[in-house]
Every structure is written in structure tokens, then in C-alpha cells.
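Presented below is the structure to which this report refers.
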Amino acid sequence: MHTRRLMRWRDRLSIATLLALLMLLVAPVASARVDVVVLPERGITTDLKQRAGVLPVTPALDPDPSRLMGLGGFSVFDPALDASAGRMLLSLQVQADEVDGSHVLRVPRRFFQQFDIFILTPDGELRTASLSLGDVRGAQRVGREFAVPFPARVGEPTRIVMLVETAQGSLRPVQLSIQDAEGFARRASGTTLVLGLVFGILLGLVFHNLMLYLSLRRRGHLLYVVAMLSLLLVLGIDSGLLQDHVLPEALLPHEPRIYVLLVASLLVTASLFFQVFVDSPRHLPRLDPWIGRLRWPLAVLGLVQLVLPATYFVAAAVGVQALSSLMLLLLLWAAALASHRGIFEGKVFLLAWSLLVASNLARTLLTLDLIEGSWLIEHLFYIGAVLEAAILAMGLSFRVRELRHGHDEALRKHSAARQLANIDPLTGAYNRRFLEHHLDALVAGKPGAGSSPGMVMIDLDDFKHINDTHGHVAGDEVLRELVRRCQQVLREDDVLCRLGGDEFVVVLRDSREADAVEVARRLHEKITRAPFVVDGCVVEVSASVGVVPRLEGAKSGGDPVEVLRWADAALYRAKGLGRNCIAVYGGDDMPGASPPTVR
Ligand SMILES: Nc1nc2c(ncn2[C@@H]2O[C@H](COP(=O)(O)OP(=O)(O)OP(=O)(O)O)[C@@H](O)[C@H]2O)c(=O)[nH]1
């Protein structure tokens, strides 16, 4: 019994000793976390929040920097504070590793309302910086960050005290880090380069599509322009470029509201673009109305939050974020469905937006300290945005090219059909219908119809006899050969028409009087000089020709049929003169009739 009690005491003692040893091990770790942070000469030191001392702010706190510097009572930063810290003081002691150097404290610029920083250098100099919306002092804006410079000495800690008031009541997304000044400057110029490229490309794409809209008037291009401008402005606020260079000073305090409005506008215009680009009313008739239904509350809340009192703003901003995420999910789902059904535009939209969402997700994970940071991941969102804009622009261009191709094809078919309606199927010459339109155009003086044209009318002599002797098929061949021979004499813009049977009319373009008669002579010669050979048989062919050298009278007179009557009269005269000759129309009594030309 006695021995058992002794054993129990021994057990108790050993457990206590073990605990004491453990306490000894843990205690230095815990105190080290509020101890001096040693900065390497080069590179980034992150997770500073976890290594800072913390003191909740009471109403009695005197924000006088010199008093704050003297404050004690900071406790180890409790990660639980991440979720609940509204106002607090953070305290850090930093010193250089082996070589003295200039460093910058990096603070993200979007997640807080007020960040007052006091730095007490080893020389006793007190530096202050104020980072709040619309009021930035003692800090440089670089991309999505503020940079506060300070010197770091070996063995002589610099004390940094930060008075923090977060907008969302949590320090969770605030990642504090310190980097050597030189490395930071290099990084800043890299960021400037990326942002310059991103904004240049995006503006180029927007401008290109604006031009396309102005020339083609297709709604898809206009919606692309508006959606991508919204994205551009979202990136502008996100990267700080808008606040630094575009937004007037007076608007800076309203940056969160403007940002929320831009996010709502981006999703509203993206949904409109989706409906037009993918033609969702046709391809996704059940899902499409939901896109429209979700758009209204998003648009209304996006606008209403602009005028809501500050107390309701956070709730409204969360509402817009939630509706935007819902809209994004709906659009991605719809795009996936369209893509599954083989719709090209669905695939393009899905690919483009997935890239943007994935790149944004990577950055969110980075902000929440869930993945390792790298230059690429930090800039991925901008690269994703450019890729998205470029893919959508290519999709639009491809669609326009396809539509244009279809349009050209339709035009080609249409003109072929028109051509057929105007062509004599036997000979390939124009038909009477075309001749009438052509003469109408001439009389009306339409552009392209030419000026001062003459007319030649040709009629084969005794064609009935040819038909009777050699057969109708041979007669057809004679008509075809006649057209071939005439075309060898005529210019490209002269118009050869078959009036019917064996009667043809040529409307000459821009002929002078002598030209029309000369063309008639050459036509007559071409028809009559060499015999026609049809199926090995020689067919004797001759033709009578009537010429109207100038149609100007008809142009001012306004009756195209009148011209045909003149040509017919001249032809009739040629037939009357014994056939196989040319007669020229020269007025009522036809004084210009030429002597018969007989072979
Ligand atoms: N082979 C063939 N013959 C046709 C065609 N259309 C009309 N004809 C014939 O062409 C002949 C036209 O004769 P007409 O113009 O009246 O007189 P012609 O025999 O030429 O005598 P003139 O004109 O007085 O010298 C008719 O016999 C028609 O049957 C056709 O498409 N093919």
C-alpha cells in the first residue's frame, strides 16, 4: 500500500517534470514570435502578421505616435483574431541580417479602411505613413500594394507600430511583408510593364471591336466593347492605376462603391454578350430566361449601393458579390451546356471565362495564404483577363468571317440566278428581258449604263430555209455560232442580246457615229466571210444589219422601245435593199442609209 502510494507520487512527479520541460520548450517559441524579425539582405519576408505583437484598441487609446511607441502590453498575435479584429495595434521589431539596407513594408491596398504606420528607426527618427482611401501619405502606390520605406540595421531593431482598422472587420486577407528596396523596385518595374502590356492589348481589342461595330453594326461587337471596358475598369481599380491616374481626388473615398458597381456592370454586360454571342435564346431556351432574371437584381443592387449609407454598404457589396458569383456560375454552366451541344461560341465563352476565373481563384488562394506566392501568380489575373478578351475577340471575328462567307455565297447564288434569268439558254447571249432593263437604265442615265451608245440589229436571211434544209438542230448550231462570231468582234462592255428567233441586238458602249457603223461592218463581215460548218455540212449564212449610230435622242426622249423601233426600221430597210447588207438609221427618211453591202 505504502509502496503503491509512493509509485503514484513518482508518477505524478514525472508527469509534472515532463510538463515543465514542455513549458520550457514552448515558452521561448511563443515569446520568439513577438521578438525581433531578422530580415535577409535580399528577398521577401512574409507572414509578418503572425510574428507581430497585438493590442486591441480601446476608446481611451491616445493615437499620438510618440505615446504609441512607448506602449507595452502587446500579446502574441492570435490567429483567431484574423476573423474578428476590427481595430487593433500591431507591433513589429525588425532588424537586418548581416548587412544594413533599405527595405519596404508592403501592405495590400484594397482590404482596409485605415492603416496608420509609425516607424521608429535606430537613429531615433520617427516616420509616419497613413494609408486610407483617398488619403495616402508617406507611402508609394505600386500596383495593388502600398510600399512604406524604412532603413534596417544589423543588431539595432527598427520598431514598426501599425494602427489598423479593417473594412470587413478581419485581418485575414491582409498579407504583410517586407522586401529589400532594390528587389522591390525591380518588381515594381516588372508590374508596370505587365500592366502596360495588359492595358495596351485590352484597349487595342476594345478599339478594334468598336471599329467593327461601327462598320458592321453587329450587336455582339458593341456588347464586347462594353463588357471588356467594364473588365478594363475593374482591372484599373484592382491594380490601382485608375486611382492613381484617372479618378479625381474627390472620388477616391468612393473607390469601393465604384469597384462594386464595375463588378456588377461587368457581369451584367457579360451576360448580355453571352446571350447574343452564343444565341442562348435559341440554343438554351430553358436556361436563357434565368440569365435575364438574375441580371435585373444585379443591375439594381449595383446601382443602389452607390447611394446607400455606409452602414448598409458592406451588406450591399456582399450582395453584389454573391449575385455576380451566381451569374458567373450560371453563365459558365450555360456555356458548358452549349459547348456540350457542339456550339462553337459556347466553347469559346467557356474557355475564355474559365481562364479568367481560374487566374482570379489562384490569386484569391494566394491572398488567403493557401498557396505559395510567385510573381506569375500575382500577375495571373491580368494575364487571364487579356487571354479572355483575346479569345472572345477571336471567337467574334471567326463568327463574322463565317457569316460573311455565307453572305458572299448567298450573293453569288443570287447573282447566278439573276444571270440565268437574263441569259438566253440556247446561245448564251443576253435575252430580251435583259435588253429592256439595260435600255431602261440607259434612258434613265443610271451609272454604269454608259453614254452615247449606238445600236446594231442583226437578222439572218432566210433562216427558215436553213432550218428546212439542214434541220432545226443545225439551225440551233448556226445561232450559237453566230453569237460566237459576234462576240469575237465586240468589246467586253458591248451588250449582245437575242431578241427572239434569228434576230439579235447589240448595244454598243460609248460609240461615236463612225464607230457604230464600223462595228456593224465588222460584225457583218465576221458572219458572212467564212461559211458555217455544222456537222461537217457547209451552211450558207448571210445577215441583214440595221444600225442606229447614236441613242442620245432616246436618252433625252425617255423611251427605250423607240430605239428598238429605229433599229428595226434600219433593218427593214436593209432587208428591202435585198438583204445581206447594212442600213444606217439617219432620221425619218433615213438619209444616212448606207449603200447596200453585198458580198
Ligand atoms: N433552229 C431554230 N430556229 C428558230 C428558233 N427560233 C425561231 N426559229 C425559226 O427562225 C425562223 C425565223 O424566220 P423569219 O425571221 O420569220 O424569216 P427568215 O426565214 O429569217 O427570213 P427573213 O428574216 O425575211 O430573211 C422561223 O422559221 C423560226 O421557226 C430557234 O430557236 N432555233
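Placement of Cβ uses the backbone N, Cα and C atoms for every residue, glycine included.
As written in TrEMBL, here are the features:
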TRANSMEM  193-214  transmembrane segment
TRANSMEM  221-238  transmembrane segment
TRANSMEM  258-278  transmembrane segment
TRANSMEM  314-336  transmembrane segment
TRANSMEM  348-368  transmembrane segment
TRANSMEM  380-398  transmembrane segment
DOMAIN    451-587  domain 'GGDEF'
* To do: State the residues, same chain only, that lie 6 or more residues beyond the ends of the transmembrane segment (348-368) and have a CB under 8 A from a CB inside it; answer 'none' if no residue qualifies.
  => 108, 172-173, 175, 270, 274, 277-278, 328, 331-332, 335-336, 338-339, 377-378, 380-381, 383-385, 387-389, 391-392, 394-395
* So, does the transmembrane segment (380-398) come close enough to the transmembrane segment (193-214) to give 3+ Cβ pairs below 8 Å, pairs being at least 6 apart in sequence? -> yes
* To do: Could you break down the residues of the domain 'GGDEF' (451-587) into DSSP helix, strand and coil, giving a count for each?
  => 65 helix, 32 strand, 40 coil
